[in-house]
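Here's the structure, in structure tokens; my notes come after.
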Amino acid sequence: MTETHHAPLPDVYPSSKQPTSSTYSKCKKFGLPLIGLLTLLLAYISSFTKPVPNSTFDVPASPQCKKPQVYRPSFNKSVNLILNDKQFKIDSIRKLSGAIQIPTEISDTNPLPNDDPEYYSEFFKLHKYFEETFPLVHSHLKVEKVNQLGLLYTWEGTDPSLKPILFMAHQDVVPVNREIWDSWQYPPLSGHYDQETDYVWGRGSNDCKNLMLAELEGIEQLLADGYQTERTVILSLGFDEESSGFMGAKVLAPFLLERYGPDSMFSIIDEGAGLLRLDKNLYIAAAVNAEKGYVDVRISIHGHGGHSSVQPDHTTIGVASELIYMMENHPFDYNFSLDNPIYDVLQCAAEHSGFLPPHVREAILKAPVDEGKRKVLTEFAASHPDIRDLIRTTRAVDVINGGVKANALPGLTSFIVNHRVDIHSSVNETVENDLYWARVIAEKHGYGLTFHDEIIIPETKLGHISLASEKMLEPAPVSPTSGHVWEIFAGTVQNLFQNEILAEQKDADVYVTGGLFSGNTDTKYYWGLSKNIYRFVAGIFPFDQLRTIHSVNEHISASSHVSAVAFVYEYIVNVNEYGHD
């Protein structure tokens, strides 16, 4: 039976406070949709067609990037079936294809579910599809609807004293642009399976109906095998992640927090990176354990308008343009600390791959003990556009408005600056930097300056510049890549790929590291529930496949999809068998 809960909408983001006026009393100068580090590293490494000789630098005899201890579940009744049975794979493809054919598209602005249920009709169809496709899940698990559309599945364990495992995914997908529908190799809502390439095509195939179906199917198979979990297993499915999760995860997370309390989950698994094949034999699984922060700053130049035949030295558009020019030409400093998760990935690549130039490998491996090499490493990362933004705060002017008529001076020009906040910085530090440059321009041109309600420079006869921060999110807490919880997670990944999926590739080497997202997932609302949050989909994802997310020809390997099913199956069992709180 499904229960429905009408939960209130909480505040905008967790752990983000509106900056106070005292924060800004002194101004200081600080000198791709969701992008995972694996995609970025592959973009660089794939530019080399053959290994680079390493005669000028020897890899240390005792590598720091080591294979984790393998965790094998003793209950593995269906692992071989999931990975190798043709009929299971056909059925799994059919289930994923059916979900793709239900267009649960979400826009940037959406009505509340209670206000316009018809708007969400496809989501209700998806819920019905789940009931029909996963009958054991719906007969054995408690199913609750939070804010009408958020789905919460609870598989009660036999020992309520143990922390639950929490899996996440989202039901929604980004809209398909109807104007370029014909650009798709197969119709975007077809869920077409091409046996020759082993690809399932369609919107949501890789973001992230694949993960959602893998979680449901893994649990369904455990139930079919008669498995009884000792530890409670929870599946939380939002419905508006692609528009920041304001009505889905933002309501589901506090609902869980109220029920279970803070730090109540053993671990949280959500969408993220997978395995990257760096060369013929080397695979790196980068479970994203950190995300950058976020803040938009709305900047407005307030003038007095008038007829354009009586022009000032600079219109509000001109002042805004100069401020934008100053900000774009004074980017945030690079800050490559060795505790940045991307260093772990680079370290694995340097120790075990032959594709990096010797001087780069040396810089990576000697960075912990050599300040000069650390500088070389920073310069290397800063010189590659695909990597550099993971070691600094970014600033992009994305929206601008000003002027209404050719012969009328613009009384108001405003623009929005989007920032992705470095994991070693903060929202306050980021906004202070914008405020510094606004003050430079205000003083140069004789304008006043305000931040929210605080008057920094009184308004002048020309007008004033105003700043306001919006949608603030601090960088995510970095989840540990050591300790008991991580060891079970990494050991499950290691066993699944090293000993099962790649078992016939005798010289294959798999390593598991942390990773970093420059974007944000629904996990931003779940920080209070666990310190162990890993954003990971257990599949091998080629670079060309990842590039299709949110784009034309989104697709996924069916083999990668069933490997994700196997991971869910094994991970639940392993945490039950080896986990302790």
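Quick reminder: no glycine exception, Cβ is built from N, Cα and C everywhere.
These come from Swiss-Prot:
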- D172: active site (ACT_SITE)
- H170, D207, D270: Zn(2+) 2 binding site (BINDING)
- D207, E242, H550: Zn(2+) 1 binding site (BINDING)
- N54: N-linked glycosylation site (CARBOHYD)
- N76: N-linked glycosylation site (CARBOHYD)
- N335: N-linked glycosylation site (CARBOHYD)
- N428: N-linked glycosylation site (CARBOHYD)
- 30-46: transmembrane segment (TRANSMEM)
- How many Å lie between the Cα of N335 (N-linked glycosylation site) and the Cα of D207 (Zn(2+) 2 binding site)? 30
- Message: Please report the three-state DSSP label of D270 (Zn(2+) 2 binding site).
- Response: strand
- Given the recorded positions N76, H170, D172, D207, N428, state which is nearest to H550 (Zn(2+) 1 binding site) when distance is taken between Cα atoms. D207
- Query: Taking the centroid of the Cβ atoms of H170, D207, D270 as the Zn(2+) 2 site, which other residues of that chain lie with their Cβ within 8 Å of it, listed in sequence order?
  - Reply: M168, A169, C208, L211, M212, G238, E241, E271, T521, D522
- Give the sequence-ordered list of residues that share a chain with N76 (N-linked glycosylation site), lie 6 or more positions from it, and have CB atoms under 8 Å from its CB. E570, V573
- Note on the structure: By the 10 Å Cβ-neighbour count, the most surrounded of the binding-site residues H170, H550 is H170
- Note on the structure: One should report the C-alpha separation between the residue listed as 'active site' and E242 (Zn(2+) 1 binding site), rounded to whole angstrom, as 7
- Task: Looking only at C-alpha atoms, tell me how far E242 (Zn(2+) 1 binding site) is from H170 (Zn(2+) 2 binding site), rounded to the nearest Å.
- Result: 9
- Query: DSSP on H170 (Zn(2+) 2 binding site), three-state: which is it?
  - Reply: strand
- So, in DSSP terms, is H550 (Zn(2+) 1 binding site) helix, strand, or coil? coil
- Task: With an 8 Å cut-off on Cβ-Cβ distance and a minimum sequence separation of at least 6, pull the same-chain contacts of D270 (Zn(2+) 2 binding site), or say none.
- Result: F167, M168, A169, L211, T521, D522, T523, Y526, I533, Y534, R535
- Query: Between N428 (N-linked glycosylation site) and H170 (Zn(2+) 2 binding site), how far is it from one CA atom to the other, in Å?
  - Reply: 30
